[in-house]
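Annotated features, as they stand in TrEMBL:
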type	residues	note
BINDING	C:Met47, C:Gly196	substrate binding site
BINDING	C:Arg123, C:Ser169	ATP binding site
Amino acid sequence: MKITVESLWSDIVNIRQQSPLVHNITNYVVMNTTANALLALGASPVMAHAVEEVADMVNIAGALVINIGTLSERWIQAMSRAAMQANQQGVPIILDPVGVGATAYRTTTASELLAAAQPAIIRGNASEISALAQTGAKTKGVDSLESSDAAVASAQQVAAAQQCVVCVSGATDYIVDGKETIRIKNGHSMMPKVTGLGCTASALCGAFAAVNPAPLMAAAHAMAVMGIAGELAAAQADGPGSFQMRFLDALYNLTETEIARRLNAA
Amino acid sequence: MKITVESLWSDIVNIRQQSPLVHNITNYVVMNTTANALLALGASPVMAHAVEEVADMVNIAGALVINIGTLSERWIQAMSRAAMQANQQGVPIILDPVGVGATAYRTTTASELLAAAQPAIIRGNASEISALAQTGAKTKGVDSLESSDAAVASAQQVAAAQQCVVCVSGATDYIVDGKETIRIKNGHSMMPKVTGLGCTASALCGAFAAVNPAPLMAAAHAMAVMGIAGELAAAQADGPGSFQMRFLDALYNLTETEIARRLNAA
Amino acid sequence: MKITVESLWSDIVNIRQQSPLVHNITNYVVMNTTANALLALGASPVMAHAVEEVADMVNIAGALVINIGTLSERWIQAMSRAAMQANQQGVPIILDPVGVGATAYRTTTASELLAAAQPAIIRGNASEISALAQTGAKTKGVDSLESSDAAVASAQQVAAAQQCVVCVSGATDYIVDGKETIRIKNGHSMMPKVTGLGCTASALCGAFAAVNPAPLMAAAHAMAVMGIAGELAAAQADGPGSFQMRFLDALYNLTETEIARRLNAA
């Protein structure tokens with residue numbers, strides 16, 4: 001499969017028209033910013049984490065985004081419950097294994113979630129994806145220390161094992177399904193200086209997965225939009241504070257012309 | 001009662017001078033942005049949700065804002081405890097029933113909170129207020145699907161049943177007390193593209209209720225300030241990112257002249 | 001000891017080069033903004049609060065920041081567990097006793113944390129530091145009511161009793177170790193109008209303590225950076241919304257020249 005201006009623009013139009021409900025069980029750090037990114041793109045975010053209500057919320061959602069950035073026992077139970085319901089209902093799951101490899105708790109939780117339900121897309125940085133592949137990679141808190149090359153091999157391994165799409169984000173984003181690899185070279189070096197843009201990428205994967213039944217294309221479209229909005233934001237930013245603001249403006253104002261000018265995918 | 005430039009400005013001056021403590025038990029998504037909006041207006045926000053301390057915090061607060069956007073069991077217990085203490089101490093309660101109708105859990109929680117204590121003001125979107133009136137309205141996550149007209153009827157019904165003021169926010173905001181209706185036509189279409197501006201409206205209701213003993217006026221003033229600051233922000237915004245920033249600046253810089261120029265209430 | 005342009009700049013260069021991992025167990029309101037401030041300065045923030053993983057995270061961290069702004073039982077257990085591990089591993093602890101004195105719960109928790117482990121730095125506003133010294137000071141929610149003079153005496157008392165550095169932030173910041181006092185007069189009057197800048201100061205203390213073994217200097221450097229970035233932000237801000245954005249940009253772009261021009265320490 002190949003990502004084109006037309007395939008990407010078509011998904012954006014659908015998100016803006018359908019405004020799919022994206023159910024997020026995510027970390028405290030990024031709840032506000034990922035909700036705003038989903039709104040700016042055209043989707044309808046909801047955050048709900050109580051074991052008592054996650055199944056009901058999944059039932060009306062177009063996608064479920066699970067992000068393990070700030071874990072605790074009750075949240076893990078809710079993630080598991082929501083994930084099983086999503087599989088049962090055919091709602092695509094996006095898993096963001098934040099900081100997996102940094103602590104045993106995160107590594108165990110990621111394994112348990114993968115045992116409980118099958119995600120459509122796993123998105124992480126190079127360290128996280130390598131840790132998922134159990135290559136002994138080290139994660140420094142929530143930031144990446146691994147090379148992208150090693151991570152792509154890990155990603156293909158995880159994709160084959162979990163039968164899902166895996167996205168490794170970095171200077172170049174790699175989106176793989178166990179066989180094919182899509183590379184997105186959009187983005188800007190200031191992006192790692194804003195907290196939670198990786199989490200935002202996962203949230204946008206949810207919006208695209210809600211309108212596009214092919215997870216490989218949904219993930220690639222999400223990463224391309226992240227990168228293009230990042231380039232547009234950087235062009236008007238004086239630092240990470242103004243970048244963050246311009247990024248939301250760019251997502252909101254994205255046009256087919258701008259995408260055609262900037263898309264750098266292979 | 002009628003909202004005027006003078007009545008609104010008088011409350012703003014009082015908030016800026018007295019800096020009332022507004023105790024928020026609110027959702028994770030909006031804690032930062034509602035705290036900033038309260039500070040920009042001139043109030044003093046505090047967030048505290050432990051069952052062990054909410055009564056102590058209510059005792060020193062000028063208003064209590066309860067928002068059910070991201071629920072869990074312990075939080076519901078704290079909300080209930082705080083609400084009962086507020087009723088006992090004569091501290092006005094603002095209830096924001098986020099997403100009520102979307103899941104049984106939220107609907108049940110809203111009912112339980114209303115059974116435990118009497119709010120001064122309930123503020124929600126059309127779907128939420130209709131759901132509270134048990135008209136069988138549907139809520140899509142946390143966004144509204146209902147018409148404003150149907151919601152006003154529901155609002156009057158809820159206001160009469162709960163003996164409180166009900167505010168339905170939307171393109172036109174309706175503030176009712178079971179008999180009277182105040183309409184605020186200020187605001188801007190970009191506001192639903194920023195997460196948590198409804199929650200911010202509820203928080204500002206808290207600030208106004210802390211200085212104005214008439215809940216109908218307090219809620220109307222809060223909605224007018226939201227709408228006017230929204231118009232000022234939109235005039236300088238390129239999208240929802242810059243809107244959010246300009247909104248806080250506008251709240252902070254609000255003048256009587258600007259209010260006189262823009263207030264659109266009836 | 002004396003804070004100089006050279007001593008401060010040297011620490012900033014080290015933070016940018018080493019990118020120390022700063023483990024935060026902090027309140028919900030400021031998680032996003034403190035993470036962004038740490039990234040803008042050059043550090044690597046991580047938030048983790050599960051009892052199950054905090055010790056593992058402390059083991060790979062350069063500093064531990066504990067902030068009691070939004071407490072609950074499980075979080076207190078995790079703070080205690082993390083603090084003990086940090087003492088054992090020689091990881092410096094920064095304690096931010098948000099709102100201590102406002103409720104018995106916060107006061108008790110601060111005492112328990114101080115009994116469980118020894119912080120390198122305690123940072124609070126005048127009311128909080130006075131409350132820690134049990135002078136009967138009153139805290140209004142999370143904002144300060146005390147005079148700075150009274151607070152400096154309290155700070156010296158707390159520093160001597162806890163054998164740590166105490167920082168009282170305000171129009172003038174006082175950093176004391178029981179004997180010496182450093183005064184930082186940088187800053188801007190708009191800073192208290194943005195939520196969580198005190199919490200941000202504590203987080204930056206963590207970054208400086210991770211590269212500088214002298215807590216008195218680390219705290220003074222952090223406060224100077226806060227103040228200077230605040231002045232730079234205010235010069236370009238129209239209100240607290242744009243201030244918040246410009247503050248992150250200023251932290252990110254800080255130069256030795258700008259520090260030399262503005263540093264006001266004694």
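Every residue gets a Cβ built from N, Cα and C, even glycine.
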- What's the CA-CA gap between C:Ser169 (ATP binding site) and C:Gly196 (substrate binding site) in angstrom, rounded? 12
- binding-site residues C:Met47, C:Arg123, C:Ser169, C:Gly196 with CB under 8 A of any chain A CB, in sequence order, are C:Met47
- Note on the structure: Cβ within less than 8 Å of chain B, restricted to binding-site residues C:Met47, C:Arg123, C:Ser169, yields none
- Within 10 Å of the Cβ of C:Ser169 (ATP binding site), how many other Cβ atoms can be counted across all chains shown? 30
- Message: Validating a neighbour-count step here. Other CB atoms within 10 A of the CB of C:Met47 (substrate binding site): how many?
- Response: 26
- Conformational class of C:Gly196 (substrate binding site) under the three-state DSSP mapping: coil
- Task: Round to the nearest Å and give the CA-to-CA distance linking C:Met47 (substrate binding site) with C:Arg123 (ATP binding site).
- Result: 19
- Message: Whole-number answer please: how many Å between the C-alpha atoms of C:Gly196 (substrate binding site) and C:Arg123 (ATP binding site)?
- Response: 13
